[in-house]
Amino acid sequence: MFVIWKKQGEKIFSYHGGNKKLNTYPSFSSARFLSQADLIKGVASLVLRSAEATVGNYSCEVTESNREGELKMELKNSSVVSCGDETPEEKCGSWFLLVERAVIISLMCLLVIFCAAQLSVIGLKYEIESQKKVCVIVALVIFAVVAGVGAALFIQDGYTVQNQAGLGLTVIPTVILIPLQYVMFGIVFDSLMQATLALIGLKLLGFIIAVVGFALCVPACPPLHGSVLIAGLAIMAIGSLLSLAYVFIMELVGNLELRNPQFIIINCFEINIARFLKFQNERSSSSGDAKGVMLE
């Protein structure tokens with residue numbers, strides 16, 4: 001049996017039944033039979049990648065013993081259909097839905113914005129050591145650049161190593177935000193309070209969930225646990241927003257010194273005691289004067 005596939009009269013694929021040799025051509029390197037085992041049944045269907053299956057006139061010539069036949073067809077629009085033995089890229093098409101990709105990248109942008117805004121608020125209110133300021137800014141810039149590169153790779157269609165690396169560059173570097181948050185709280189407070197520790201813990205929890213979601217999404221297309229990844233990034237974004245709000249609100253609280261709030265509480269308590277004692281002394285003095293008048 002001999003099978004020859006042509007496009008516009010030019011060979012793109014051939015098969016020699018005597019030695020079972022398949023011949024492909026550079027422009028159609030992905031060409032192969034849908035099922036070579038079904039050739040004896042008269043099925044000589046050809047499979048091509050979408051990029052190579054361009055619009056045009058195709059023909060299939062089959063020669064067997066003393067019989068010969070030719071079938072011509074026109075391809076108007078190509079599409080990827082799962083046949084069971086395609087490459088992951090061909091079978092899956094797009095890894096994440098466009099909406100999911102947009103949500104993931106939007107959450108990454110929010111993380112950068114909230115962190116930068118928090119740093120701006122702290123920088124305007126407090127004096128920061130030059131070395132510490134440079135370290136914080138450099139860390140934030142590195143995170144933003146790496147996440148930007150990852151987003152550019154991830155946003156593209158397909159299920160390739162490039163997409164997987166892009167998502168990894170988008171998710172994994174968010175770990176930088178956890179020690180960065182600790183440092184920024186350390187600038188504001190001499191000792192971290194329970195509220196600040198809880199906010200740092202919330203971001204850590206979100207990071208762990210996001211990494212677990214990433215690990216579950218990499219081997220699957222379409223991803224079955226994309227919502228886990230998105231939930232982790234959303235938790236981190238909420239933690240960053242709450243941290244920004246906490247610092248901003250504390251900065252607006254009257255004349256309270258954020259670096260040592262306990263000292264102010266003690267001072268207020270001592271002032272109230274002093275006022276109470278002064279009132280008692282004045283009351284005792286006025287009572288003594290009244291008794292003196294009665295004696296006279």
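Positions of Cβ are set from backbone N, Cα and C atoms, glycine also.
Per TrEMBL, the features are as follows:
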- 1-76: domain 'Ig-like' (DOMAIN)
- 103-122: transmembrane segment (TRANSMEM)
- 134-155: transmembrane segment (TRANSMEM)
- 167-189: transmembrane segment (TRANSMEM)
- 196-216: transmembrane segment (TRANSMEM)
- 228-249: transmembrane segment (TRANSMEM)
Open item on the list: How about long-range neighbours of the transmembrane segment (167-189): same chain, 6 or more residues beyond its ends, C-beta under 8 Å?
Closed with: 104-105, 108, 111, 115, 118-119, 122, 126, 128, 132, 135-136, 139-140, 142-143, 146-147, 149-151, 153-154, 196, 199-200, 203-204, 207, 210-211, 214, 217-218, 229, 233, 236, 239-240, 243, 247, 250, 258-259
TODO: Count up the helix, strand and coil residues in the domain 'Ig-like' (1-76) according to DSSP, in that order.
DONE: 9 helix, 39 strand, 28 coil
Open item on the list: For the domain 'Ig-like' (1-76), what's the mean pLDDT in this predicted model?
Closed with: 78
